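Report on the following structure.
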Amino acid sequence: PLLLEATLLRLASGSHHPFYNGFYYNHIMNDKGKGQEKVVYFNGAKLVVETPKDPVYSSNGANVTLPCHYHYEPDLEAKRKIRIKWSKLRDDYTKEQDVLVAIGKTYMAFGDFRGRAYLHQAGRREASLVVSDVRLQDDGKYRCEVIDGLEDESDVVDLRLQGIVFPYQPPHGQYRLNFHEAERACQEQGAILATFNQLFQAWSEGLDWCNAGWLADGTVQYPIRLPRKPCGGLHLAPGIRSYGPRHRHLHRFDAFCFSSALRGEVFYLDHPAGMTLEEAKVGQLYSAWKCLGLDRCDAGWLADGSVRYPITKPRANCGPAEPGVRSFGFPSKGRFGVFCYKER
């Protein structure tokens, strides 16, 4: 206590030397007396990080480059030891997912990006990220962070996969899936739970569905183009109806799944007897319809036990006047063809 009291008295007297902690902060904020403060940067220049304002589009299985460049204002000619960090922002705003960290030519990728992510530094002060063999889960926002000593600046680039959102309910009926079961159901159909941005894009392209379904962030929503009484009421404007976040174990709904371009092909067989084939999954059929223009007026079995068929060019005796994937549900019996999937 006596030592603490003596120390406090010495500090209060003003006769001591300034405390030094290894960093020297001098005139970092310089008040000009006009209510405005001028920032003086540690290295004498402002670090600026730039990424594209428009989304970068890719597809499942492709390679993609997420551009990122940095510079100084005013420019610094001397070569500096820069640290670069890429991370993926999560839809539910939980902790960011580490993608890659680099210092000079040494880098390390993390998690699912190990072996698939590396830096592209062809130009001066470039910090672009290359992701090979793009996966459905790669869709989302990425932060490019550049660190120069005490300077730390970042910007965000949006990677969007080209694909399709489709509503899904399992054979045992409507509103039977909690969040984790919905995740598995989409994965079993060659897809993942859709994000809100993917559902919104699908809505803007014409998706209208009155049943509520889980999204990747744990919310439950559904897209309405034509307002009607059973779907929120006649007097509500078109849009995405939201139930907000739901309990991931207790609450049960359908699912909105997202599937991107195929690495193989989907084809129809009338008489598959005697052949060993992999039945197509629902997500693969939707992808073939959306991305490859698959058009077949004959109904066929899929891997989940449902019977569906894809129509690109509507015509007589092939269902409604709009393009889409028609469904017969999950018939317990009946004679149909089968949609098959073959890897390239």
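Positions of Cβ are set from backbone N, Cα and C atoms, glycine also.
Within 10 Å of the C-beta of Cys231 (disulfide bond) we count 19 further C-beta atoms, all protein chains included. Residues annotated as disulfide bond in TrEMBL: Cys210-Cys231 (among others).
All protein chains considered, the CB of Cys318 (disulfide bond) has 15 other CB atoms within 10 Å. Per TrEMBL, disulfide bond is recorded for Cys297-Cys318 (among others).
What TrEMBL lists as domain 'Ig-like' is 46-157.
The domain 'Link' feature in TrEMBL is assigned to 164-259 (among others).
The annotation domain 'Link' is assigned in TrEMBL to 280-342 (among others).
The average pLDDT the prediction assigns to the domain 'Link' (164-259) is 95.
Separating the Cα atoms of Cys210 (disulfide bond) and Cys318 (disulfide bond) is a whole-number distance of 23 Å. In this structure, the CA atom of Cys318 (disulfide bond) is 27 Å away from the CA atom of Cys231 (disulfide bond).
Rounded to a whole value, the Cα-Cα separation of Cys231 (disulfide bond) and Cys297 (disulfide bond) is 30 Å. Cys210 (disulfide bond) is surrounded by 14 other CB atoms, counting those within 10 A of its CB over all protein chains shown.
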